[in-house]
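The following features are taken from Swiss-Prot:
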- CYS41-CYS482: disulfide bond (DISULFID)
- CYS58-CYS438: disulfide bond (DISULFID)
- CYS131-CYS197: disulfide bond (DISULFID)
- CYS290-CYS337: disulfide bond (DISULFID)
- CYS510-CYS548: disulfide bond (DISULFID)
- ASN155: N-linked glycosylation site (CARBOHYD)
- ASN247: N-linked glycosylation site (CARBOHYD)
- ASN286: N-linked glycosylation site (CARBOHYD)
- ASN329: N-linked glycosylation site (CARBOHYD)
- ASN361: N-linked glycosylation site (CARBOHYD)
- ASN486: N-linked glycosylation site (CARBOHYD)
- 822-825: motif 'Internalization motif' (MOTIF)
- 1-19: signal peptide (SIGNAL)
Amino acid sequence: MSKMRVLFLAVFLMNSVLMIYCDSDDYIRAGYNHKYPFRICSIAKGTDLMRFDRDISCSPYKSNAKMSEGFFIIYKTNIETYTFPVRTYKNELTFPTSYRDVGVVYFLDRTVMGLAMPVYEANLVNSRAQCYSAVAIKRPDGTVFSAYHEDNNKNETLELFPLNFKSVTNKRFITTKEPYFARGPLWLYSTSTSLNCIVTEATAKAKYPFSYFALTTGEIVEGSPFFDGSNGKHFAEPLEKLTILENYTMIEDLMNGMNGATTLVRKIAFLEKGDTLFSWEIKEENESVCMLKHWTTVTHGLRAETDETYHFISKELTAAFVASKESLNLTDPKQTCIKNEFEKIITDVYMSDYNDAYSMNGSYQIFKTTGDLILIWQPLVQKSLMVLEQGSVNLRRRRDLVDVKSRHDILYVQLQYLYDTLKDYINDALGNLAESWCLDQKRTITMLHELSKISPSSIVSEVYGRPISAQLHGDVLAISKCIEVNQSSVQLYKSMRVVDAKGVRSETMCYNRPLVTFSFVNSTPEVVLGQLGLDNEILLGDHRTEECEIPSTKIFLSGNHAHVYTDYTHTNSTPIEDIEVLDAFIRLKIDPLENADFKLLDLYSPDELSRANVFDLENILREYNSYKSALYTIEAKIATNTPSYVNGINSFLQGLGAIGTGLGSVISVTAGALGDIVGGVVSFLKNPFGGGLMLILAIVVVVIIIVVFVRQKHVLSKPIDMMFPYATNPVTTVSSVTGTTVVKTPSVKDADGGTSVAVSEKEEGMADVSGQISGDEYSQEDALKMLKAIKSLDESYRRKPSSSESHASKPSLIDRIRYRGYKSVNVEEA
């Protein structure tokens, strides 16, 4: 480190001297490129140690594959399920319970019972597209009940018609679109009967080994669809529920009713399971199911023979199929079903592609690949070879007829050997090329190892493809990364003569490399002195000198320019492209390998994968939603708005037992009657007559309110006239009340304006009230006496008998019945 510090100090002092004695005309701008930028390469203490690996072994290439031409057909395992049609038959009984009120019928409850249709009725469906309107229900105790459609007690035939809601896989036929709904007696519960025959044309799927099959409606039958009762196929359903008929005639499609086309079924099975009867055609398994399916045909293929296997190569599929050398014999009937198909394919491919130039080299062979694919291989041979072979045989026949067959075989073997030799020669050439390349690489590494002892940095930089500083430390290389300087600050001096401390250029000593000045990146703008090295490497210091050689011409490369120094002075700069290149690179002229775009091989298409599942969830959900929509439409047509209190009270009272049920009937009748009354009033108010009547009543109420208001206002304004109307009578009238005579005389005004009132006679015990009041002033005692007199007068008028009182005194009808035989007594007599 001390030596490095001294070196940098010397460089700094020299740079200071040069800056004093040099001006801008003494240097030029140096060029650079991106591959070799201006850099300082020095070896630090912490470096990486590297070495060349010369222990490389090159194995010779050897191929033991034998190629032959032909084409092949590939079959895959058929994963699709066995699909067949199934019909289901069901009788659906509906018992709706209703309650009838005045003008409305409430739907309370509905009981649905499903029954499997008997076989004899299914025969009627299959032959005439009809079913019966009566159903026999057998209880576990042996009791048989009969139910009739619409409670008509008649067994008739009903026509089947398609349901509006259907899916792709299912078609449903019914006899009753809207369930029968009877209107019972008023204020009583009633139950009616409705029969609906439901026939569904569904699709069933079974998967190998065919131990069960599932319908698209979601129903399952635990048994083989190929079971005929005696062939030993798996069947787990009760055999007493299974009926097998032979030579059965049935309507093929129920869409046209009894006019539909009929078909003859060799064997048909009827299975009663739960509330459904199933029927399907029984077929032979070997005739209906094939376990193999054609996948693809490779019209141009190669077969490479190795020690233990065959490799079937397809350029079209960019794939190779590996199979063992043992060929197969397809004996299973589920596999021999493909024989006619692939023999036809072999004939068609040969006639269309190979008939002109090739001949079949023997019969086809069947192999099983490692991916469980069945491969049928058809070898081919060129006709030109066959013609040559036949010509040689014919020539031999003229000379020697005894040894024809042996020479024919020898000639064929020779021709095949020639083909194999050419093939092996090409393969060996490629192998030798690979081995030679390996040996050349080994020798190149050895040469680089030796050259690294002379110029380690150059060798390592070429190996890594970027500037690297390297130094040989014994038997290993120490490498480090070079430090890049500020590229724009590098300046190349025009003079290569040595300058002493006084600034005088020497005539005898010169620099062997041009001087440059530069600065570091992201540092102070101090200029550092160095010398230009190879590939734009900057060598620190200026101690690399030599004796001047006059005359001399030296060219130094910097970036994309070549700087020419004549007699150690820069004369000009030329582009590096003007200097001719010494081409020492030996190019390998070989065509590149043809592009191979790999194809995505779909062994099974999405449609096949979907058909491989026995349970098709999508179709089952579609069927469920379609049937649910149909039921919703039917229920919407028969359902009515039932008051919530009716169902609530009915459910509560049903929990109380028989007493609660009876009490609930009474309460329901009463509540229904009250509800009808309230509903009648509301309905009356809703019609035009009721609305007009209510408007008239409202007007009458308003008029009454106005009259009462006016009368009340009149009372407030004239209380005496309203409270004592008799006070307005003439004073000349004489009233006798209870033996009292009151004589009223007209009032006479005196001179003072007063009024004199004279009372002639009063009842015994009463004081005479008379006097003359003058003026407008009355004392409180006078006012009190006047009020008492008014009160007495009012009471006398109120005690006067009237016609209404005499009428009210008559006994009522109830009193006369109650007190019959008695006679009323007069009050005076009493």
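Glycine residues also receive a Cβ, built from the backbone N, Cα and C atoms like all the rest.
Features per Swiss-Prot, on structure.
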residue	record	Cβ neighbours (10 Å)
CYS41	disulfide bond	21
CYS131	disulfide bond	25
ASN247	N-linked glycosylation site	9
ASN286	N-linked glycosylation site	13
ASN329	N-linked glycosylation site	7
ASN361	N-linked glycosylation site	15
CYS438	disulfide bond	15
CYS482	disulfide bond	20
ASN486	N-linked glycosylation site	14
CYS548	disulfide bond	17
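Here the Cβ of CYS337 (disulfide bond) has 19 other Cβ atoms within 10 Å, regardless of which shown protein chain they belong to. Mean pLDDT across the motif 'Internalization motif' (822-825) comes to 63 in this model.
ASN329 (N-linked glycosylation site) sits 37 Å from ASN247 (N-linked glycosylation site), taking the Cα positions as reference. Put simply, CYS41 is the one of the recorded positions CYS41, ASN155, ASN286, CYS438, ASN486 whose Cα lies nearest to the Cα of CYS510 (disulfide bond).
The highest number of surrounding Cβ atoms within 10 Å, among the recorded positions ASN155, CYS510, is found at CYS510. Of the candidate recorded positions, CYS41, CYS197, ASN247, the one lying closest to ASN486 (N-linked glycosylation site) when CA atoms are compared is CYS41. Nearest Cα neighbour of CYS548 (disulfide bond) among the listed recorded positions (CYS41, ASN155, CYS197, ASN361, CYS438): CYS41. Note on proximity: of the recorded positions CYS41, ASN155, ASN247, the one nearest ASN286 (N-linked glycosylation site) is ASN247, by Cα distance.
Here the disulfide-bonded residues are CYS197, CYS290, and the one whose Cβ sees the fewest other Cβ atoms within 10 Å is CYS290. Each residue contributes its Cα atom, and for CYS197 (disulfide bond) and CYS337 (disulfide bond) those atoms are 42 Å apart. On a Cα basis, ASN155 (N-linked glycosylation site) lies 10 Å away from CYS131 (disulfide bond).
For CYS482 (disulfide bond) paired with CYS438 (disulfide bond), the C-alpha to C-alpha distance reads 32 Å.
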